[in-house]
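Here's what TrEMBL has on this protein:
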TRANSMEM  6-22  transmembrane segment
TRANSMEM  34-55  transmembrane segment
TRANSMEM  75-96  transmembrane segment
TRANSMEM  116-134  transmembrane segment
TRANSMEM  146-167  transmembrane segment
TRANSMEM  179-200  transmembrane segment
TRANSMEM  220-242  transmembrane segment
TRANSMEM  315-344  transmembrane segment
TRANSMEM  365-386  transmembrane segment
TRANSMEM  392-410  transmembrane segment
TRANSMEM  422-442  transmembrane segment
TRANSMEM  448-465  transmembrane segment
Amino acid sequence: MNIYSIIVLLYFFLIVSISFVTKKIAQRSSADYLIAGRNLGTFVCAVVVAAEWLGGMSTIGISEKAFKTMTLQPILYNFATATGMIIIGFTVAYHYRTRNVHTVSEMLKSIFGDQIAAISAFAFLIAYIVLSYVQLQTCASVISPILKIDWTLSVIISAVIITLYTYVGGMYALTITGIVHLVAMYFGLGLATIIGIYKVGGFANLHNTLQSFGAPTNLYNPFSGNVSAAFSLLLGGVLGGMAGQASIQPIFSAKDPQTAKKAAVLSGIIVAPFGIMTGLLGLMARTGKFFDPSTIKGNEALGTILTTPSFINPILGGIALAGVIAAILSTVGPVNFAVVTIATKDIYQNFSKKGKDDSKILETAKNLVVLINLITIPLALLLRNAILDTAYISYAIRGIGAIVIIFALYFKGLITKTGVKLSFIGGVVVIFLCLLGKQMKWFDIDKTYGAIVSTLIFIAIGYIWDKLIMKKSE
């Protein structure tokens, strides 16, 4: 067993141990299990929100895209999500916490009723199942080369670890481990980035080396590549957070509305700079100074460079890898838990006769932790595409929810129940049509743009139908 394996396994042991420490308090009630009893203070709440955003997309996803494009365009993902959280802090965070909801669909239920809540819940369920299996893939892509095991086994091991600490400790475990994860990821990857910049001879030398391989002159400019793709990253990140169950579940757990508001803003400040580190590491991997970049896939760039002794000492590399694992676990746990919360509160509690019994709700939530991971394992094994691009399917669906929430809170007179129904059903269909059209080479419309434009159109159609046509026929 190599030093990388030992350090990563020790980190896994620490995380699972924490979940057992929180077991007793987490399992007192469904509220304790799902939203930590609504007791989180500003700093802790902000850290947990930030930790959720800084996962596989911010590590493997950004380094992969930086490696492939030889630019820092993918850091827009973190800038966008940070901006989104700051906007949430000044807009919807207060409303979410004031209404004492557990999910985004519960928020919509309080405004539009049960039917809308059910439709939106199924849309969000699709969004988070997609994100769950993508996050599982990112975890496996790091574990596989470290432990020298095949892809299938690494996916299963990742799922078991995630299931164990989420099942035992619930939201309390995710809260405490989120703090540990954030420290580990910033320290480990920050250290690797500083060492790497020194090893490549500084930013100017890194720039010149990549330019010799065909990188654009302004490669450090996030908008140096495809401007349309860059704005898609920005829009998806900003809107994805507003209706993102995993990223705002800690907001639901804040001790009061003002805490929720301040925590959302602070989380954005924590999130913003992180992608710069992993983006730079992806660029360093592309230089060819430490290994032949043609021998690896883009999603292997980060793991490979951190396990290359000529780049970084194995002990420090192991610490940096623990930081990558920390980042991934800090997201995949909350993402899976988001699916559990949606399925428990929006589907089970609303449609089951036993849904009013708190002990049954708690039992169902714990069982769903296991079930969701069993569902995501085959998806992670079978559907392997570019990580950041696939994750944006989830962001596009959540973007629909964000637009609906904004209209419901600030432009209530312009949105109707018909418009909301059409937005969720039609918007999801449009997203998958955009994916199909690109795959079949019929047309190339970005899924995020498709979601946003179609949602606005469906809201307008719903308004015309309910306010003008139906009202006139009465």
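Each residue's number is its place along the chain shown, starting with 1.
Using the three backbone atoms N, Cα and C, a Cβ is placed for every residue, glycine included.
Residues of the same chain lying 6 or more positions beyond the ends of the transmembrane segment (365-386) and with a Cβ under 8 Å from any Cβ of it are 30, 33-34, 64-65, 129, 132-134, 136-137, 140, 151-152, 155-156, 159, 162-163, 166-167, 170, 298-299, 336-337, 339-341, 343-344, 348. Counting residues 6+ beyond its ends, the transmembrane segment (392-410) has Cβ neighbours under 8 Å at 91-92, 95, 104, 107-108, 111-112, 120, 123-124, 126-128, 130-131, 134, 232-233, 235-237, 239-244, 420, 423-424, 427-428, 431, 435, 447-448, 450-452, 455-456, 459 in the same chain. Contacts between the transmembrane segment (448-465) and the transmembrane segment (220-242): present, as 3 or more C-beta pairs lie under 8 angstroms, all at sequence separation of six or more.
Of the ranges 146-167, 220-242, 315-344, the one with the most Cβ pairs under 8 Å to the transmembrane segment (116-134) is 315-344. At the 8 Å Cβ cutoff, the transmembrane segment (75-96) and the transmembrane segment (220-242) share at least 3 close pairs (sequence separation 6 or more) and count as touching. Across the candidate stretches 6-22, 179-200, 220-242, 422-442, the maximum count of CB pairs under 8 A to the transmembrane segment (146-167) is reached by 6-22. Most Cβ pairs under 8 Å to the transmembrane segment (315-344), among the stretches 6-22, 179-200, 220-242, 422-442, belong to 179-200. Same-chain residues lying 6 or more positions outside the transmembrane segment (179-200) and placing a CB less than 8 Å from one of its CB atoms are 11, 14-15, 18, 44, 47-48, 50-51, 54, 59, 206, 209, 270, 274, 277-278, 280-281, 284, 287, 289-290, 305-306, 311-312, 316-317, 319-324, 326-327, 329-330.
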